[in-house]
Structures are given as structure tokens and as C-alpha cells.
Amino acid sequence: MMENFKHTTVLLDEAVNGLNIRPDGIYIDGTFGRGGHSRLILSQLGEEGRLLAIDRDPQAIAVAQTINDPRFSIIHGPFSALADYVAERELTGKIDGILLDLGVSSPQLDDAERGFSFMRDGPLDMRMDPTRGQSAAEWLQTAEEADIAWVLKTFGEERFAKRIARAIVERNREQPMTRTKELAEVVAAATPVKDKFKHPATRTFQAVRIWVNSELEEIEQALKSSLSVLAPGGRLSIISFHSLEDRIVKRFMREQSRGPQIPAGLPMTEAQLKKLGGRELRALGKLMPGEKEVAENPRARSSVLRIAERTNA
């Protein structure tokens, strides 16, 4: 039985407004979650509008299946495959907007059985889709010490990555860890300098979660796919929650807004320039939550919304 964990959608109005909804448009909510963005999009669509929602979490799919609306459809899978979902429906180049709310959701964090949080003891799982791939416990029990250290450093920006990785491997050698509390305790004991404002396991849990779910690769693939999926004038509205996510989104929008970089003085014909094409996107800026939203929902504090528009190139 699925418990009803509350989820407060971050930057709800701003993200949907960023899509510049047309009543007859076709939109994608790539991270359905508990449906906050999807329901607001549906409220702004007319009878001819369509919304395609995606999520790889079975609990999110169960919530989505309660929406009885002919304009709405839900797909169980990763948003990195959005180009395939769109092609199957013969909608390539016809999508008017894509919304992505990246990272882990509040219901996932709050449900101890999902294993995402060091604040609640539960199975050491961390998979967005518990039916596929390796759990965090399975990966940590089989990975080399150097690989664990690399993941902690790369995806958690953990300064004590090597020390923590060694402690994890030694603990698993004695008795394999299967619980979130066990991992949190091992990390805390291996951390020589404590941050009074942050739990010592914060960065480790983030890094392992990102690795287990291939989160950054998912984002990069979805962004790349968006260029073929969006119609001219179609919008990208993307919320990120930490610097690694935002860096990828920011870099992508910046690069696609510049167009091809041609060395100064390189002789090229008009035909060659035309073949290279122009810029693919027009960056429309970023937004961050206001003081009121952060006060009501502290998890919104680190969120950043970036919006871009598909050009006619």
C-alpha cells in the first residue's frame, strides 16, 4: 500500500508560465512526480490541447493513473527517452513545451522504504524505479574503493571522498550494509571535520543517488533530444536543485543560444554557413524562489528555474 506523502511543487506557477501555454498546444511534463505541474498545465489547456507526462517511479505512475482526462497520457520510463516517446506518437517537431523538475521528490525523500534519506532508516535502495537496475546497497557492495571515491568526489563534491570510500569498503567486508542508517553512520565516523549546518552524509547520499540513477546522463540526453522534439517557438522550462544539475542546464542553453562557433577569418561560402545552421535556442533567463516560498517550503531554497525558447533554425 502506497502512503500519501505530501509534495509541495517548487516554482509551480513560474515553471508553467515559462512554457507560455497555448490552449491547443502539445506539452510534455517529463517529471510527473505527484502531478503539481501537470494539473496546472491541464487547467490552462483547451479541448484540443494535449499533455504527455513521464516518470520512472511506479508510485508516481499510480498517482497519474487517477487523472481521468482525455487530453492527458502517462508513460512509465526515463525522461531521457522522450524523443522515442514523441516519435512513437508521430509528434516529432510538434511539441510546444517541455517541463523538467529535476532531482529527487519530497515523497521519495520522506518515504523511508525508498532509501533516499539519511534522516530516516530504511533499505539502502535509492532507485527512482525500484524494479530496474542495481540498488545503492548492491552497488556499494560490489564497487571498487577507487570507483566509490570517484563517485563521491564527482557527484557529491565530497572533500573526504577517499577516506569515506575506504570506510565503506571496510564495513562491507565485515558485514554488508543494507540500511540507510548504517551508511550514514559509517560516513559520519569517517568524516574528520563536521559542518555544523550540514549532516556529514549529505554529499555521499547525493552522489550515490545520482550514480545509481544515472541522473546527469539522463539530463544531458533529455536536453539533447529536446532540440528535435520542440516546435519552433517551443519552450524549455527546467528546475534544478543543485549545482551539478544547473551547470549542465546552463551550459546547454548557453551553447545552443550561441550557435556554431566559427574561427575568425575562416573563409566560408554562404552555402556552408547555411549548412552549419544558426542558434537552436534563445535563453530567456532564470528565476529563483522568493523568500515567501522558501519560508513555506525550505527544500525550495536551492532551486533554479531556467527557460529557453526553440528558434526557427
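Using N, Cα and C of the backbone, Cβ positions are placed for all residues, glycine too.
Among the candidates Asp55, Asp121, Asp129, the one that Swiss-Prot lists alongside Gly35, Gly36, His37, Phe79, Asp101, Gln108 as binding S-adenosyl-L-methionine is Asp55. Across the residues annotated as binding S-adenosyl-L-methionine (Gly35, Gly36, His37, Asp55, Phe79, Asp101, Gln108), the two Cα atoms farthest apart lie 17 Å from each other.
According to its DSSP assignment, Gly35 (S-adenosyl-L-methionine binding site) is coil. Taking all protein chains in view, 24 other C-beta atoms sit within 10 angstroms of the C-beta of Phe79 (S-adenosyl-L-methionine binding site).
Ranking the binding-site residues Asp55, Asp101 by the number of CB atoms within 10 A of their own CB puts Asp55 at the top. Following the DSSP three-state reduction, the secondary structure of Asp101 (S-adenosyl-L-methionine binding site) is strand.
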